[in-house]
Amino acid sequence: MHIAEGFLPPLHAAVWTAVSLPLVIISAHRVNRLMQDQPQIKLLLAASGAFAFVLSALKLPSVTGSCSHATGTGLGAILFGPSVMALLGTIVLLFQALLLAHGGLTTLGANVFSMAIVGPWVAYGILRGTQGLNAPLAMSVFLAAMLGDMATYTVTAGQLALAFPDPASGILGSFIKFMGVFAPTQLPLAVIEGLLTVVIVNLLRQYSQDELRDLQAFPRWLAAEAR
Amino acid sequence: MNRHNLSLIAVAVVLVVVSLVVGSRREGAEFAGADGQAMAAATALHPDYQPWFKPVWEPPSGEVASLLFALQAALGAGVLGYYLGFKRGQSRQRQPDRVDAGD
């Protein structure tokens with residue numbers, strides 16, 4: 001999902017930056033307030049950012065004979081709410097843009113929008129939705145992380161389609177083409193991301209009940225646990 | 001680490017291995033990055049497009065790039081492992097006889 005440096009026309013780069021920047025600023029305020037109001041969750045916040053750091057560094061092989069990586073942003077989104085992840089995801093993307101020439105500064109806004117904004121919001125929405133339907137927590141977490149990952153790559157395909165419409169079949173044709181590159185490669189990786197996120201949440205349920213309670217992260221599970 | 005988590009991790013590892021085996025049977029499988037393939041697809045759609053900005057700094061070699069990727073993963077795994085170990089120790093201290101029941 002890293003659109004390479006210079007690979008969006010200046011107007012597109014500017015618009016995505018203008019969309020993402022205010023959300024990252026809001027996110028920074030949220031993180032700041034969270035750390036002031038509940039200093040005891042700082043370490044868990046760092047651990048959630050660290051999870052995204054690890055997962056987005058691992059280029060995994062896929063069934064298509066190409067490689068891609070997970071995003072790791074679903075975990076923080078379901079623990080702290082999606083708005084917190086905009087800042088953490090931006091830090092990861094900035095590290096990769098500056099030190100690894102992976103992604104870029106001109107495309108940072110677009111990449112932040114897909115990985116640090118849409119992915120976390122989709123993950124959060126899926127968690128809340130499936131919890132509302134009384135799904136087991138592990139199932140909810142798995143679907144949230146997996147579909148958040150897929151959503152990130154779908155947004156990237158859309159961003160590229162808008163910038164590079166197919167001369168014959170237009171934006172839609174181009175979107176299908178880019179999805180053809182990303183979706184089959186990403187699907188098994190999204191499943192892996194879902195599984196690993198469940199592993200972490202299982203460990204948190206065992207050892208970090210106090211923080212989960214402070215955050216009211218999984219209210220239905222907490223209520224069942226208290227009974 | 002309970003048995004449930006170990007089996008989830010085992011499934012993830014099997015998925016990676018199966019992906020590697022299935023993927024390498026595909027013709028022209030080089031395990032190149034999907035990001036790079038997407039940029040190539042963009043260039044194929046608009047052959048006259050020129051990236052208008054260069055990365056401010058590029059790792060001078062693949063070795064240096066792999067150093068930085070490994071550093072990124074190590075930093076992340078270190079912080080995550082520190083947190084989980086800390087919490088495990090904390091909860092063990094709180095309820096010394098109950099905590100390891102799941103292990």
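Placed from the backbone N, Cα and C atoms, the Cβ positions cover glycine too.
Summarising the annotation, TrEMBL assigns transmembrane segment to A:12-29 (among others). Distant neighbours of the transmembrane segment (A:12-29): 83-87, 90, 106-110, 112-113, 116-117, 159, 162-163; these residues of the same chain sit at least 6 beyond its ends, with a Cβ under 8 Å from one of its Cβ atoms.
The feature transmembrane segment is assigned by TrEMBL to A:41-58 (among others).
What TrEMBL lists as transmembrane segment is A:78-101 (among others). Long-range contacts of the transmembrane segment (A:78-101) within the same chain, counting only residues at least 6 positions beyond its ends with a Cβ under 8 Å from a Cβ of the stretch, are 2, 5, 20, 23-24, 26-28, 30-31, 34, 41, 44-45, 48-49, 52-53, 56, 71, 108, 111-112, 115-117, 119-121, 123-124, 127, 141, 144-145, 201, 204, 212, 215, 217-218.
For A:108-127 (among others), the entry in TrEMBL reads transmembrane segment.
If you look at the transmembrane segment (A:133-153), the same-chain residues 6 or more away from its ends with a CB under 8 A from one of its CBs are 1, 68, 70-71, 73-75, 77-78, 114-115, 118-120, 122-124, 126-127, 182-183, 186-187, 189-191, 193-198, 201-202, 205, 218, 220-221. Sequence annotations record features per position, and here TrEMBL assigns transmembrane segment to A:133-153 (among others).
Summarising the annotation, TrEMBL assigns transmembrane segment to A:186-204 (among others). The list of residues near the transmembrane segment (A:186-204) in space but at least 6 beyond its ends in sequence, with Cβ under 8 angstroms from a Cβ of it, reads 44, 51, 55, 60, 62-63, 68-72, 74-75, 78-79, 137-138, 141-147, 149-150, 153, 211-212.
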